[in-house]
Amino acid sequence: MSNPSLLILAGDGIGPEVMVEVRKIIDWFGSKRDLTIDVTEDLVGGAAYDKHGTPLHDDTMAHAQEVDAVLLGAVGGPAYDDLDFSVKPERGLLRLRKEMDLFANLRPAQCFDALADFSSLKKELVAGLDIMIVRELTSGSYFGEPRGIFEENGERVGINTQRYTESEIDRVARSAFELARKRDNRLCSVEKANVMESGILWREVVTKIGAEDYPDVELSHMYADNCAMQLVRNPKQFDTIVTDNLFGDILSDCAAMLTGSLGMLPSASLGVPMENGKPKAMYEPVHGSAPDIAGQGKANPCACILSFAMALRYSYDEGAEADRLEAAVEKVLADGVRTADLMQAGAAKPANTSEMGDAVIAALDTSL
Ligand code: NAD
Ligand code: IPM
Ligand code: MN
């Protein structure tokens with residue numbers, strides 16, 4: 001049997017910096033666990049624009065469709081802010097999500113014990129926190145038509161459209177119900193059915209699926225604004241959350257801070273099953289290219305490392321190795337090795353990106 005394949009798209013800013021650490025970990029699994037992954041690397045975002053004049057070359061897109069999984073670092077940055085909208089770095093990422101049809105974006109927010117002190121919330125509110133946000137990723141206001149900037153009555157108007165079909169809601173809801181079943185069996189569906197027709201449809205479809213096919217899962221509904229508030233008031237009330245593209249983007253950044261840092265949050269973007277039965281998949285940290293710290297060795301590589309752990313679990317059927325990698329990250333944090341984002345200003349000298357990666361490798365060694 002051939003080795004599993006991975007396309008790495010490191011992207012911009014801290015993307016390539018954190019990816020260096022993931023490469024070390026991939027090599028470790030090859031040499032120490034006999035788990036060899038065939039890795040190819042290519043450009044995305046601003047880096048692709050600089051070389052090809054487009055944030056995602058067609059050849060890269062075609063390759064992404066063929067591999068078992070894609071691992072993406074981050075895209076964007078101030079150097080590209082003034083580019084025409086159609087070639088902005090973020091368009092490359094959105095094209096990958098859309099053309100690979102990665103409709104279910106899993107954003108787990110777990111608070112490691114060692115970081116409970118560091119959350120912006122009180123320790124008792126976040127200790128043991130384990131939430132799974134399932135964000136719809138290929139529709140909604142990110143892709144709905146009409147969209148654009150138009151002239152109307154002598155002034156310009158910017159338009160984006162929140163649009164969801166029943167089948168789009170159905171498939172992401174089913175993914176979320178399935179995940180909830182493997183967790184604490186509770187699903188909270190989040191929209192704004194009080195003011196948006198798309199929210200009314202969302203609630204109807206989710207309610208029907210729940211009643212017909214998942215009566216064992218405890219289903220609740222919440223308006224998105226209340227959900228944002230509840231996430232910082234009492235986050236442990238949530239188990240699995242399912243929501244649309246835009247609300248999911250915002251709520252997952254919010255949930256990130258509960259865990260201590262945006263630099264900790266991984267994600268898996270999953271699509272329909274391929275011939276091998278595994279879903280099409282792209283793994284990406286939730287954070288962006290962090291222009292304020294790029295090039296300084298300060299980036300926390302954990303989100304990207306933990307995204308690779310999700311690839312081990314969901315694309316490579318290596319759940320035990322994913323557990324091993326997650327435990328290694330947890331051990332490093334418990335041992336007090338921290339990048340600057342996980343320390344109070346003026347505290348002990350933080351680890352740099354590469355020291356953090358090396359500490360994870362050392363923890364993996366001790367796991368053998
Ligand atoms: P950001 O996530 O890049 O940064 C927000 C803050 O979090 C910054 O202070 C940054 O230093 C910090 N941070 C983020 N990741 C970190 C890490 N791993 N370690 C330590 N600190 C970390 O968000 P932004 O500043 O709003 O966006 C910057 C650029 O990134 C924009 O062009 C945006 O479009 C893009 N972006 C890309 C992605 C992606 O590629 N998936 C996600 C979000 C934002
Ligand atoms: C994310 C990012 C992206 C999004 C951008 C960079 C397109 O914020 O992955 O959370 O808005 O989905
Ligand atoms: Mn985001």
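Keep in mind that glycine also has a Cβ here, set from the backbone N, Cα and C atoms.
When TrEMBL records Arg97, Arg135, Asp225 as binding substrate, the matching candidate from Arg107, Arg147, Arg156 it lists for that site is Arg107.
Counting other C-beta atoms within 10 Å of each candidate's C-beta, the recorded positions Arg107, Arg135, Lys192 are led by Arg135.
Checking each of the recorded positions Tyr142, Lys192, Asp249, Asp253 against Asp225 (substrate binding site) by C-alpha distance, the shortest gap belongs to Lys192. A coil conformation is recorded for Lys192 (site 'Important for catalysis') in the three-state DSSP classification, outside any helix or strand. Candidate recorded positions: Arg107, Arg135, Tyr142, Asp249. Those with a Cβ under 6 Å from ligand 2, in sequence order, are Asp249. Tyr142 (site 'Important for catalysis') sits 11 Å from Arg97 (substrate binding site), taking the Cα positions as reference. Under the three-state DSSP scheme, Asp253 (Mg(2+) binding site) falls in the helix class.
Between the CA atoms of Arg135 (substrate binding site) and Asp253 (Mg(2+) binding site) there is a gap of 12 Å.
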